[in-house]
Amino acid sequence: MSAALTVDWGALFANSAVRTALLMGISAALINASLGVFTLLRGHAFAGHALGDISSAGGAASFLLGISALWGFLGMAWLAALAMGWLGLREARERDLATGIVLGAGLGLTALFLYLAMTTTSASGSTVTVLFGSLFAVSPGLVPPVLLLTLGTLSAITLGFRPLLLIAADADLARAQGIPVAILEILYLLLLGLAAAISAMTIGAILATALLLGPAGAALQLATRPVWAFVWAAGLATLAVVLGIFLSWQSYYWFSGASWPVSFFIVLLTLLEYLGASLWAAQRGRKIWAAAMPPPSGCAKDC
């Protein structure tokens, strides 16, 4: 019992798998938090969910071909993002139709690649790894490229923050102001694909949506201005990842040497964050989403 309640901080941070998990997890949290807010404001939750699922085809292909999981997940997510952009994401009906078609094709490829990986290679655990993630098993060699991708993504979001926010509020007004909406739409989809791919690689394709939408959904109920929604989302996502890694590590002592998956704890914590934010907003009679939407003028003062 004492071992279960005692935290060996030295052993925790001396473990290379934990350090890798923290770097990968925090990177995934920051990217998904930022893109998640835009995704919800634009009404693209289904697209975000679909990209995470579709990226699993790339993860399965990486096992089959023996290539890096990062480029497998990311390559398939980007192909799917470009396909969605080409098929059309403007009108809700067109968006859902295009997303559903691409999602079905992606899941079909996932089934094929996983079958081939299990029957023609020694990757017997590929199905669990691709669909549910294995953050403690991520290769340390993936950390540098993921950190660079994270830095690039956050820089792009910072530079395009106001135009992207205005497009989310009123795309027609953005066009009238000379903003290259079509180009930014493709950029947004590629960044969303990146977020979904890294989330799928860390906590699994099936659970990736939780990290993309959970903290962002909670943040939009807590924030009073758009910029604070991003700050809240980043903080909540990072908290869920770090605490999830810690709880998974400690569960080894709670359950006699059988650790619970870190993905489970991360998803559980994002759910609790969202429920807590919803309760807080309901008690104060706040309108969900409204506080974080920019004014029609393009948020010249309130951002």
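Using N, Cα and C of the backbone, Cβ positions are placed for all residues, glycine too.
Annotations in TrEMBL come from automatic prediction, not curation.
Look at TrEMBL and you will find 21-41 (among others) tagged as transmembrane segment. Same-chain residues lying 6 or more positions outside the transmembrane segment (21-41) and placing a CB less than 8 Å from one of its CB atoms are 47-48, 135-136, 138, 142-143, 146-147, 149-150, 153-154, 157, 164-165, 168-169, 188, 191-192, 194-196, 198-199, 201-203, 211-217, 219-220, 229-230, 233-234, 236-238, 240-242, 244-245, 262, 266, 289, 292-293.
Taken from TrEMBL, the feature transmembrane segment covers 61-85 (among others).
Under the heading transmembrane segment, TrEMBL lists 97-117 (among others).
Positions annotated as transmembrane segment by TrEMBL: 146-166 (among others). Within its own chain, the transmembrane segment (146-166) has Cβ neighbours under 8 Å at 23-24, 27, 30-31, 34-35, 38, 41, 70, 173-174, 177, 179, 184, 187-188, 191, 194-195, 198, 226-227, 294, 298-299, 303, counting only residues six or more beyond its boundaries.
Summarising the annotation, TrEMBL assigns transmembrane segment to 186-214 (among others).
Under the heading transmembrane segment, TrEMBL lists 226-249 (among others).
Look at TrEMBL and you will find 261-282 (among others) tagged as transmembrane segment. Outside the transmembrane segment (261-282) by six or more residues, the chain places 21, 25, 132-133, 135-136, 203-204, 207, 210-211, 214-215, 217-219, 221-222, 236-237, 239-241, 243-245, 247-248, 251, 288 with a CB less than 8 A from a CB of the stretch.
Listed by sequence, the residues of this chain that lie at least six past the ends of the transmembrane segment (226-249) yet keep a Cβ under 8 A from its Cβ atoms are 12, 18, 21-22, 25-26, 28-30, 32-34, 36-37, 135-136, 161, 165, 211, 214-216, 218-220, 259-266, 268-270, 273, 292-294, 299, 302-303.
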